[in-house]
Structure formats: C-alpha cells, structure tokens
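Feature annotation from Swiss-Prot assigns domain 'Kinesin motor' to 18-359; the stated evidence is sequence analysis. Residues or ranges marked as ATP binding site in Swiss-Prot: 105, 106, 107, 108, 109, 110, 111, 112. The coiled coil annotation in Swiss-Prot covers 365-480, 692-721, 882-915. The phosphothreonine annotation in Swiss-Prot covers 937 and rests on experimental evidence. Under the heading phosphoserine, Swiss-Prot lists 1046, citing experimental evidence as support.
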C-alpha cells in the first residue's frame, strides 16, 4: 500500500502542483464593535487551521475547521504576509515562471490593503520602509534589488488593467479619457492566454517610477463609499509585471528569459441589503457578484474535473484562465472578517478557498528566446505595422466604418466563441460515442457468454428434472414414514409430558426437602456459632473475675501489712514512752529513797516488833493461799484447759473447713461451665447455710460477750478484794494480785483471740458462701451430675460445719460453767480469808494507829518529793496518749477506707456476676435459635407414571403399506378421470390452433405425470388431511399447466431472432 501511495504521489508531482491558498483574518473595525459582534474565527498559524464557530458562543460542538497552506491571524503584519507568500514566488518569477497572486474575499476584509497597502499619515517612511505598504510596492522594490544584485541586463514593464462592469480599462493610459474600452483576444501562441488590444505597457527603470505609476493608477481606479467600506473598490484590478533578463550561454550565445507576475486585486463580494448599494452601486455590485460567481463555478468545475470549464462567461475568468488550471504558479490570498455578523460571507469565502486548494496547475518555465529570434520577431512586428501604416495612408485596403467594423468584430468574436463551444461539444460527443462503442462490444461479448451458459444450464435442467422425479418418489415414501413417525412421536410426547409432570412433582418435593435441610443446617450453624461466642465470653468473664480476685487479695495483703506496720509503730512508740516513764519514775524513787531510808531505820524496829505477829498470820495466810492456789490450778486444769483445747481444735477444724471450702470453690471454678439445672436450689441452700452460720456465730459472739462481762465483773470484785487486802497486806498480796491479773489478762487475750478467730471465721464463711453463691449464680452448666456431686459435697461440708459449731457452743457453755464455779469458789475463799483477816486486822489496828502518824508524815514527804515527778510523768503520759490517739485515729480511718473499698469491690464483683447471669439468660432465651416448622416440607406419597414407551413399525412394513395405499388411490383416481372426460373438440378449432394443441397435449401429458406424482405424494398424507390434499392437488394442477405454458412461450421467444439495436437508440 505504501509503494502504491509513493507511486501515486510521484505521478501527482509529475502531473502538476496544487494552487497555494493563504487565509488572512483582519481585526475588528469600528462598525463591528458598535454592533456588539463577537468573534467566530480561531486562527492557528502553527497548525495552519482556521476554526469557525457556527453555533452559539458557548456551543463547543458547532465548529468547523479548515486547513490551508498558510494562516495569518488579526495580529499579522504586512511584512509577515509578504515574506511568507510573495518572496518564494518572486524567486520563481526570476527563474522564468509565470506567477499569479490574487486576493479574494468579502468587501471590506482587506484585499486592497493586502495588495496595495496604505501610506502612513506622518509620511516619514519611504515606500519600502513603510510598515503599511502592500504586496505590489514591496514586490517591485525587491525585484529591482534582486536584479541589481544579480548584475544582468534586464528590463521591467508594468501594466495596470481595470475590469469595471465587465468592461476593460487601462489605468496607465496617457490620455486623460479613462472611458476608452479595451478589447480582448485569444493569444495564438498560447491557447490559454489572451491579448488585450491597446493595453499600455510602461517600461520602469527604477523603483521611484513604480511608486508614481501606482499612485497614478490608484487615482484612476473606481472606488465608492458603502456601509461596509468607506473606500470600497468597485472594480477588479490586474497589475502585471513582465521581466526580460539577458543570459549568456557557455557557447557565448545570448538568450532572453521572460518572467511574468500578475498581482490581482479583486472587488469584494457584498450583500446589497447590508452594504446599502442602490442604483449605480447596486448594478456595480451585481456585476461584481456575477464575475465572482463565475470564478466560483470555474473553481468548482476544475475541482470536479468537468469536461467544460466556463472561462468565457466572465472577462475576469478569461484573464485568469492560465492561472486557474494552466501553466502558471498561482497563490490565492483569501481575506475574511472575524465578526459574527459576517459569518455567512466568511463561510462562503473559506469554502471557495478550500475548493480552490484542490485545483491542479502545470507550471512551465517560459521558453528562452535567442537574440536573433527576438530581433526577427520585432522585425516582423515592425514590418506588419509599416504595412498597416502604408495601407492607412494610401487607403488601398478595405475600408470600413467604425460601426461596421465593430459589428464585424462582434460577429467574429461571437462566431469564435460558438466555434469553440461546438468544438468542445464535438469532442465530448466523440468521447461519448467511443465510450458507447466500447460498452456495446462488452455487452455483445457478455451476451455470447450468457448464451453458452444458458445451453449448459438447459442440459443441467433436464438432468435435474429427472433427479427431481426420482426425488419426488423418494420424498413421498419418506413422507409416509415420517407421518407414521409423527403419530408415534405424538404418543411419545404425551407419555413424556406425563413423565415430565411426575419429574416436576418429585423435583418440587426434593427442593422442599433440601430447603428443610438448609433450615436445619442454618439453625445448627447459628447455635454452634452462638455457643462458641458464649464460651469465649464466659471464659473471658471468669478470667476477668479471677484477675479481680487476685488483685483484691493483693490489696488485702497490703492492708494487713499496713495494719501490722501501724501496730508495730504504735507498740514501739508505747515502749519508748514507757521506758521514758520508767526512767522518770526511777529518778523519782531515787529522790524518795533518800527520804524513805531515813524512816526505814526507824520503822525496822517497829517491823521487827510486828514480825512476830505477822509471821503467824503469814503462815496462816500462806496455808490458805496454797490451798486456794491448788484449788484454782485444779479447776483450771480440769475445766478451763479442756475448753481451751476444744476451742483450739475448733479453730483448727474451722481452718480445715475453710480449706475444704476453698477446695470446693476450686472445684466449682473447674466445673463452672457444667452447672445449669439446680442453680436456684444451690443458691437458696447456700444462702440458708450462710444465715445459719452467721446466726451461730452471732450466738457465739453474744456468749463470748457475756463471758467477757462476767470475767470483767469477777476481775473488778477480785481487784476490790485484793485492794482491801493490799491495804493490810501490802507486800504479801502484791504477788498474788500480779499473778491474778496476769491470769485474767491471759483469759482476756485468749477470749480476744477466740473472738478474732470467730470473726475471721465468720468473715471467711461469708466470703466463701458469697463467692460460692456468685459463682453458682453466674454460671449455668449443662452437666447436672457434676453439679449434684458438688451440691452433695457442699451439704456434707455444711453439716460438718454445723456439728463443729454445735461442739463449739457446748465447749463455750462448759467454759462458762467452769468459770462460774471458779468464781464462786474464789468468792467463798475470799469470805473465809476475810473473816480470818478481820481478826488479824483488829490486832493490827492499834499498831496501825500508832504508825499512821509516821506514815502520814512520810506520805507528806513522799508526796512533796514525788509531786514534781508525777507532774512530769503525767505530761509525758498525756503526750504519749495524744500520739497514740492520733495513730489510732488514722488507723481507724484507714480501716473505714478499706471497709468502703471492700464494699466497692464486692459491688463490682456482684455487677460482674450479674452481667454474667444476664448473658447466660440472653444466651438461653434469645441467642439460641429453634427450628420453627414452616408447613412446606413435602409428605411421603406415591408417584403414578407410565412405564411402557410406544415404538414405530419397521421401515419395510411402512413402505409395504405405502405401496398398497398408493395402488388403491391410483385406481380410484383413474376411474374418476375416465368419468370426467370432456366432449371431443371440433376440427376447425384444432386446425386454427395447431401449435397450441400440440402444446396442450404436451401439457396434459406432463400434468398426468404430475397428477400421478401428487397421488403418490397423497399416499403419505394422514387420513384426517386427505380432503385438504385433494383440493390442493387441483390448485397445483392448474398452476402446473400455467407454468408449462410459460416455459413453452419462453422457448419460442428464445428461438426467434432478436434485433440488436445500439444502446444510444434505446436511451
């Protein structure tokens, strides 16, 4: 394909060259701005495109794009147009080519400005330097510069022709009368060229003369003011520049090279309604538009390669004949307006320019003339002019008046035009005849070929008819077999419908079962998913509770450590205070000792006197004390020690129970996922157990409180008795009082420990029971057996705890009874000892009265000496009490805070347990999905369907039946035909139409064959369609007769010779 394109392009280059088309758009003028017109043109100089917006302003789709050789926008300058368009053409003119540049477009778009230009208003520029100068002055200026640079001999001749109202005028004529019309003739040397008789050619020697010539021609040219342009050109102008250049060959021969440049400024097309032209201006506009319309038709004919080009319809096109499709290099400058009010004229101009781009010229270099040939031509021209001059002087030739001469010349011109037109028509007719002859020969060959093909086709038709006859017989047999198969097929179709209905029912039932299984599967999947989620949540919840319990145990351990440290600090402070008090007391006793030592010596004598009396009393009192001690020891050993051991055993047993409860709690934690059914019963039983335990412990606490009160009363009574005894027996009874106080403090400490152990036991029981209740209430298990086992174990532990509490209460009762007996015995002993001591006291009264004064004086001295020390000790004790009170207050506050924190922790655990219970309820009541019956599951039933299929008879049996039916139908039809025979036809009618009778016999013979075939075909028709088949046979028989007659007529027509008329006559 590429080689073919290259070949075509090379062939195109050999044939010629397209006309160069340039588009120039001028800026907006004042009239367009006043009319508020917008721009409809977009000039792309780089892409050489002009885009016209044919729709509204915002319509992006209504655009049309044209592509040209060059495009100049409104900002383009005169020098830019000249350098791009004219400079290359000027070089070709100097090379010897004929070139043409003409401006085309609407009036007022800048054609004259482009070709001629204007003079600047300040007149400080020369023609060649003026930025407003057009193509014509710049071209002549550059011609002289280039020819001067080359250095050859040259001559330049210019002419300026005006075409006004289809008349030719010479604008450079020396006569002042511009109205002299010029005549135009065909150039005999150039078939496409013209000669204008009387056109003045002026030789130009320098550029200054050129500018004078241009000014003179512009002054004579027809211009007028219209609404479109104040200086509108009313005529076409053709400025021709002919250059003769001298060349010398290698051999020394002198040649003359001729180049010609035509610069054409066309008058603009205009809308008379818009331009406001009337009368004379309207006629001018009509002639201008007529010539431009002819130019457009010439361009269209050249583009479409029409056989006739209407050059002679206008003088403008006759002058431009060689430039349009001839041997001249042509460039067209199309000037347009960007305003929307001139859109129609702009589109028309661009369409003409786009079509003109396709015109093909064949530029040729002008033949170079030798000096001798040119001199010979000039000599012949001089001789011809001399003869015409001599004839005019001598009046020997033919003399005609001007009117006759002009009339004769007009006839000659019209005849020449007619001859030209007729010659063109003759040439066209000859080409048409030649084309028709070739077409006739081709048709004749095709006819011969068709005849041979027709003969072959007739032979093939005969063979095909024979084959058709055989095929009909086979078709009849096959039709009978097919009809039998159709009946079998219908029966099978009914059976298949029954089977399909059964299959549909079974399929519907199976789909219902599958839907039931899908629903079951969906419920199971949902429950398994919910179960997994519930297990994960419960594990997560118990791990959180376990973590919380660990944190709380750590916090409680911290609280215990804090309490221990606080008590240790308090004990340390107390010990330090006691040590300080002891030192102060020692100092006071040291000061008192001095005073007492003075009286001791005096008292020794008196004590020695009383020693004898006290010794006897001492012995009696020692006897009583030993007896009382042994009694107390025996009572303590026999009564209190077993109770204490029993209480200790009870404490260990309760600790063991606590450990067992902890083990049970661990078991409950291990089986927390298996408890489900007996949640309420376990909660109630544990709650009852906790109440019983708390009531028992409260009873123990009350008994302990009563025991403590009794011990306190006993201690107070004993202390009173001891104080009474001390007053009489100071030194002897101090030891007894100390021992008794130690014993009672031991009892109280043991009782406090017992209370602490019982309180801890109660707290532990409360914690264990509450933990058990919370754990059991927050976790429902599915395995009831393990829950029952745990319940039995808890009940056993509860029973053991109850028995332990009963034993503890019994031991406490025993302890109370023993303590009461001891107190009674002590009271009796005290009474007996008091009676004995009364006697002794009476004896000592006298001595005491005597010693009283001494002791009082000593007492005063001791009081005076110990007053200061007592005050000091009191102050220290007060300070120590205040410090201990502060410490105890802070400890009490800390205990309250810890108690509140424990309450908050308990509430938090209760909330977590309650949330776990809620999740369990949600799991059991909401998340678990039940399989709800829908009522669409199919029931079991029996299906009824046919089990046997019908089979068609064998082919041999069917064919035998077909032959029998065919024989029967043939016999019946032959009998019907014999009965329906028509009467004999008259001889005259037979003699009148002999060929038709022959044809009828042939037709009847063929119809009999067709009838037999139809009978055979009818044999295969089912019995319920045989009547319809008979009616169709009659219709087919008539159709067959008509078809045979038409075939015979066609054969007769083919046998007759046909007249072969030429195609021209038929047309």
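Just so it is clear, glycine is given a Cβ too, placed from its N, Cα and C backbone atoms.
The secondary structure of residue 105 (ATP binding site), as reduced to three states from DSSP, is extended strand. Just so you know, of the recorded positions 112, 937, the Cβ with the fewest other Cβ atoms around it within 10 Å is the one at 937. Each of the binding-site residues 106, 107, 109 was ranked by the number of other C-beta atoms within 10 Å, and first place falls to 109.
For the pair formed by the residue listed as 'phosphothreonine' and residue 111 (ATP binding site), distance between Cα atoms is given as 97 Å, rounded to the nearest Å. With respect to Cβ neighbours within 10 Å, the binding-site residues 105, 108, 110 differ, and 110 shows the lowest count.
Of all Cβ atoms in the shown protein chains, 26 besides its own fall within 10 Å of the Cβ of residue 111 (ATP binding site).
DSSP classifies residue 110 (ATP binding site) as coil under the three-state reduction. Computed over the domain 'Kinesin motor' (18-359), the whole-number mean pLDDT of the model equals 82.
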